[in-house]
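Positions annotated as domain 'tr-type G' by Swiss-Prot: 5-240. Residues annotated as N,N,N-trimethylglycine in Swiss-Prot: Gly2. What Swiss-Prot records for Lys3, Lys316 is N6,N6-dimethyllysine. For Lys3, Lys30, Lys316, Lys390, the entry in Swiss-Prot reads N6-methyllysine, with the evidence type similarity to another entry. Residues or ranges marked as N6,N6,N6-trimethyllysine in Swiss-Prot: Lys79. If you look up Swiss-Prot, you'll see 14-21 marked as region 'G1'. What Swiss-Prot records for 70-74 is region 'G2'. Look at Swiss-Prot and you will find 91-94 tagged as region 'G3', backed by similarity to another entry. Look at Swiss-Prot and you will find 153-156 tagged as region 'G4', backed by similarity to another entry.
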Amino acid sequence: MGKDKLHVNVVVIGHVDSGKSTTTGHLIYKCGGIDKRTIEKFEKEAQELGKSSFKYAWVLDKLKAERERGITIDIALWKFETPRYQVTVIDAPGHRDFIKNMITGTSQADCAILIIATGIGEFEAGISKDGQTREHALLAFTLGVRQLIVACNKMDTCKWSEDRFNEIVKETNGFIKKVGYNPKAVPFVPISGWHGDNMLEETTNMPWYKGWTKETKSGVSKGKTLLEAIDAIEPPTRPTDKPLRLPLQDVYKIGGIGTVPVGRVETGVIKAGMVVKFAPTNVTTEVKSVEMHHEQIPEGLPGDNVGFNVKNVSIKDIRRGNVCGDSKNDPPMEAASFNAQVIVLNHPGQIGAGYTPVLDCHTAHIACKFAELIEKIDRRTGKVMEAAPKFVKSGDAAIVKLVAQKPLCVETYADYPPLGRFAVRDMRQTVAVGVIKSVDKTEKGGKVTKAAEKAAKKK
């Protein structure tokens, strides 16, 4: 794997039977991090089970099964390379918590690949009012995934028909436009994830296909295959210039070292000697050292999963869901309340003021009350449709005032995207998603450790 290649994260979305696993499996199998030994092992098992038509989806099923059982998988298995990028598939849906993962997800996707089955009836099912295709695309857009690639899969099942492809492009264009994407900036690639047509190499089965084009602010790019479309993703900018925000995933107590919080740097930089503040617990202390993969590093940057050692802080003072920031540069604070744009995905009844589901925002998992429904809006244009509605139901978008039932630290989506989007969970499913528009922060005194005071004097 090329160490120096730029990393991009993609999420693969689409209807249940669109062929997501086969297509993703194919890319990982052909350009990825699965070593020959593992592949041979899988092939042997497949033959023993009479699955000798060993196809790529099986690679993914194996990986998924291991992941479901909680075996941590060598993450390289979910990676593949293009000429420019090292690509990580963040999550292939079909996973129970796909929607939740996409929102609180360990990483933000830079691009979504929407897989559409072109078979007669299949396409129509996926794109119908309640189809997952629509929900996934809406979700990706709401959560700030601004780049999209559409792969029209299973072209072999419709005899590689140009008319069918054009019909699907036309329909899909209409629907992604409604969601908010600009169809001109979206490459459409006709593929067969099973046979491999237009995946890595140009197909000979569709002589009519002249290639895809996409127009963005940075110009026009063209290509033939899905791999080329992925290679044409606009390089993401990582927010190192923003103040530090690091939501804690865990806090460990390590003998001889002390308290070690662990989490992913979302914005900014963390380094030894910094005086950091944890919100909403309001503890301020000095960072003694930062490490990644059990090695000390000079600094942790956005996207890095780091552990850092803090002085004079007990494991009781800080916990998962707390947010670490620089005490001298826009430190994080507790949110007394916050206003958010919420889109209701699937709730069986009506949601009114007083509704108190659980919110998953970054690593926090806390009950929040819908204190007030401020206005109902058109989710595409943002125009107000009704002031102070009594209720909202599935499909509606509204601006809502939320109050956490326990201390919580969140930020606006505009300032700190990963801390400004959330999933609303109830009845063991994601009933809504939200993007935070404004936060009412509370100032209150907290614990300042001796180490922090000393560090402050040194300066």
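Cβ coordinates come from backbone N, Cα and C, glycine included.
Known features from Swiss-Prot, placed on the structure.
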residue: Lys30; record: N6-methyllysine; Cβ neighbours (10 Å): 15
residue: Lys79; record: N6,N6,N6-trimethyllysine; Cβ neighbours (10 Å): 19
residue: Lys316; record: N6,N6-dimethyllysine; Cβ neighbours (10 Å): 10
residue: Lys390; record: N6-methyllysine; Cβ neighbours (10 Å): 10
Lys390 (N6-methyllysine) to Lys316 (N6,N6-dimethyllysine) - Cα separation in whole Å: 42
Assigned element (helix, strand, coil) containing Lys316 (N6,N6-dimethyllysine), judged by DSSP: coil
Averaged pLDDT, computed only over the residues in the region 'G1' (14-21): 69
The region 'G4' (153-156): DSSP-derived helix, strand, coil residue counts: 2 helix, 1 strand, 1 coil
Distance, Lys30 (N6-methyllysine) to Lys316 (N6,N6-dimethyllysine) (CA atoms, angstrom): 48
Cα-Cα distance linking Lys30 (N6-methyllysine) and the residue listed as 'N6,N6,N6-trimethyllysine', given in Å to the nearest integer: 11
